[in-house]
Structure formats: C-alpha cells, structure tokens
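Relevant sequence annotations retrieved from TrEMBL are reproduced here:
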DOMAIN    B:56-244  domain 'ABC transmembrane type-1'
TRANSMEM  B:63-82  transmembrane segment
TRANSMEM  B:94-114  transmembrane segment
TRANSMEM  B:120-139  transmembrane segment
TRANSMEM  B:181-200  transmembrane segment
TRANSMEM  B:220-242  transmembrane segment
C-alpha cells in the first residue's frame, strides 16, 4: 500500500517536472532559434511579454533578430504572453529578468510593496482607446457611454477613470473578452481596444469603427513599459543598461523598417496577417516617437508623467498613497545616453 | 455536546493550518502580492465587506437559480430516462454530453443566446451542475428492490403510482447525493459564467470581483473573494445535506447513523 502511494507521489512529481520542462521548451521555441550558438559569453536573460507577439512588441523582436542584443552581449529569450499571464509577478519573483507591464500596473505594484523599476516606455501616448460603431455618430467617449453596451476588462484603471468622469449609469458594462466578434455583430456594442489592434481587426471583418484615445480624456499612463526588479539593477546595473540600450536600438530599427520583425512575429502569431501587422506598425508610430523622444531618446520617461499617474491612481482610490517617483525612476532612464535635455 | 466534539477536529485543523500559513508567509517574507498571510486577507475582507457581500448575493442568486433548474430538470430527465430502456439508450449519451461541455468554451454562446447578465450566468451554473442530479437520480430509480417492483406489479399499480410511491422515494438517497455534488458545482458554474457573461457594473458577482482584484494586484482580495465563493458553496451544500437528512432520517440507514 505504502509502496503504491510512494509510486504515485513519485509519478506526480515527475509529471510536474515534465510539465515544467515542456513549458520552458515551448518558451524556447517561441523565442525562435535565436542564435543559440552565437557570442559565447553572452548573458542569458528572459523578457516576458504581456500579450501575444504583435507590433506592440516589434522593437524587442527586432533587437533580438537584428543583432542589437547580441552586440550588447546579451542572449534574450522572449516569452510570448496572453490573457492572464502574470508578468508582474514573474518579474517580482525573479522568474524572468525583464517584463512588459503597464505604467499603472507598475505603480499599483509599488504601492503594494513590490520593488519594480521602469526602464523603458514604448508608448509615450497610451494606445488604450474606446471603439464604437461609426453609425452611432458618437463624437467622443462621453457619447459612447450614453447608451448601449461597452466591454471593459474588470478592474482596468482607465475604466475607473472614465466612470468617475462620466458615470456608467446609462451604459451596460460587460467583461472584455479579448476579441471583436461581439463588436462586429452588434451595432450598439462598444469596447476597449488598443488603437493598434482591435480596430484594424474589426475593419477587416467589415465593421466601421470610430476610435477615441483615452489619453485625450486626460488619462495617459506609459504603456508597454519594460520593468525589472530592484535586485537585478543593484547587482548588475551594466547588464540592465545594456539591455535598455539594445531595446532602444531595436525600436529604432523597427520604426525605420518593421517588415523583418513583422515576418518573425507573424510566424508566432498566426491570428494576424501580414497586412494587419504592417497597418498596426504604421498606426502606432506617432504614439512611440514624439517630440519628446526626438530630444530625449526613444523610451525615455519623465518625472511629471509618473507623478501625474500616481496622483490619478490615488484619486481613483486604486492605491492609498502615490509612490515617491525618485525612489523608482532612475536618472539613467529619463534620457538616453548622449542626448541632451531640451 | 456531541456536535461540539465533532466540530473540534476540523476546527483544530483549521487553526493549525492558518497558523502555519501565517508563519510561512511571514518568516519567508513573501510579498503579499504573491502569498498574503491570513491576517492580511482578514483585514482586506473586512475593508471590502460591502463589495464581498453584494458580490456574494449576486453570485448566490445566480447559483441558486442554476441549482433549482438542475434539480427540476435533472429529476425530470432521470424520470424520462428510467421510463423505458429504449429512451435510456437513445438519450443517456446526450445527458453525458452535458457533463463534458467545457463551460468556459461555450460561455460566449450563452452570451449570444441570453445576453450578458444574471440569466446567462444562471444557465452556466445549470449546465455545470445538472449532470450529477440526472446520473444519481437515474441510478436510484434503476436500483429499486426487484421484489418491491414485483409487488407493485402484482397489485396492478399504475405507472404513475409506481413512480410516485416506489421509484422516487427509493431514489431519494441517490438524489440527495447528486444534489450535494451539484450544490458546489452550481457556484463554480456561476463564477465561470460571470467571467464571460456577467456584468461588470451594478449587479456584479464574486467572479467579477476576483478579476478586478487580480487586475489591481490585490491578491488578498482575490483570496477573500474565493473564500466567499467557497462559503456560498458550503452554505448550499449544508442546506441540501440538512434537508436530505430530515427527509431520510426515518427510514434510510444512510441518514440514521446506524
């Protein structure tokens, strides 16, 4: 009897281990044979994305496949994400060195005692938006919220922001399911979106959406922020700086010519076709490269923006006290090396 | 006195478990976002008592409707299945099909049919919880003592009388086993239903609260909401068990304790 129990336990352990192994193998496959035999002394690090490979992450794939990471002595494994992948926790517990999170997520985590630091903000203007059918004639988000149904992810900070600003008493709020099927079939249906993603998909399926940026309403967190934990910054600042430099070069390359990275990502994410990849890469350009990044460098972040976001999250009751910006925003990442501030 | 003694063992186990959890969480100083200690969860639960309560009411209502549907439809289906061998053979595989439906995959269809809201959530709860009622009641009706069945036939009892006076009473212990399983499942079905077909504002349930708390990195509230959902399930389970015991006490060995 006991022997059997031990056997059972043993096989359970084996199962778990096998599961873990196959998962990491999957991850490696997703990373897509990135010069494993390249620079011998390259440091291996992992970057966890918070969504499936999309133009949103184009610069990271460009950095990996066009040599920027390698030149900086890094071998980076990119882990594709999806709904419910706890990137923040993965970075916080050290399962991965770097992860992509939202600016609001990062501040919320900090307020809860998780010492994460932001390194590079892909989107200077948040691509988060609300889309509705053009046939409804809405001129702004307030109009959209005055009737029908809207799909929003429960707990989304900008949903709380819009609720506070306009109220949700005239609109039915339902959970966002990540797709556009309901939108396409229901003329009174509106939903959250990334301006670079769902509207393009909806248009492909014959819908005619209008899109309103939440940033224009006054809530504009840095989005697609590369974060790491303080521990890594303290022990290996050079490695972190090299990573950021390579990411910046990757994004430069992707903005100049998104085609090669798009081809790589299209193989990993077959739900989008080449045309959609190209359209999304084009649509997101002005959100990534702005007046400010021309002087301070791609991905740079400002104190004021982080301060505003902290204050807004407190006003929305999502955190009790705004984290002190100087405790987490390092001068190294407010400006690219070699750029002079205006 | 005996009830007190019976409650002592699980209570002691609970206290020890909580103490252990608290110690582990503190000694290894896990970040509360990863593993909050029970004390933090308790604090968070009292802070968010309002939304936990309204969430529990909403989810409880949907689960209760789903469970009610499961009881009614389940017993009816069992009666139909037991009424003839041909029907049984024709229909049972499809009843089994209900058990196999991956609810998370079919929930979007529920939205298409019923729209977002309590109705779709209750149907999700029903789909998840109906099969144990059908299967157990059916087994109960099939395992009536053949001698008694012969006696009913000998006295020329009509079909309805046989059903009402023999088969249904005889299947009660099985039925209640099915209902006990269904009670917990109905809450699970409601939570999953809310994730896809619920509403986020206004009458939102515990499932939505779990999503909100998770999105905001409030792991303590996730735990609190999950515990509240478990409590709902337990409450329903307790009510079913108690009713079952009351109804069976006088004649069935499974309830008299002998």
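Glycine too: its Cβ is placed from the backbone N, Cα and C atoms.
Bear in mind that TrEMBL entries carry predicted annotations, made automatically and left uncurated.
Help me picture these features in the structure, burial and contacts included.
Residues 88, 91-92, 95, 118, 121-126, 128-134, 137-138, 140-142, 163, 167-168, 171, 175, 178-179, 182-183, 186-187, 189-190, 232-233, 236 of the same chain lie 6+ residues outside the transmembrane segment (B:63-82) yet bring a C-beta within less than 8 angstroms of a C-beta in it.
A Cβ distance under 8 Å defines the sequence-distant neighbours of the transmembrane segment (B:94-114), meaning residues of its chain 6+ beyond its ends; these are 77, 81, 120, 123-124, 127-128, 130-131, 134-135, 189, 192-193, 195-197.
Distant neighbours of the transmembrane segment (B:181-200): 59-60, 62-64, 66-67, 70-71, 74, 103-104, 107-108, 110-111, 114, 116-117, 120-130, 132-133, 136, 206-208, 210-211, 229-230, 232-233, 236-237, 239-240; these residues of the same chain sit at least 6 beyond its ends, with a Cβ under 8 Å from one of its Cβ atoms.
Counting residues 6+ beyond its ends, the transmembrane segment (B:220-242) has Cβ neighbours under 8 Å at 32, 36, 40-41, 43-45, 48, 52, 55-56, 59-60, 63-64, 67, 176, 179-180, 183-184, 186-188, 191, 206-207, 209-210, 213-214 in the same chain.
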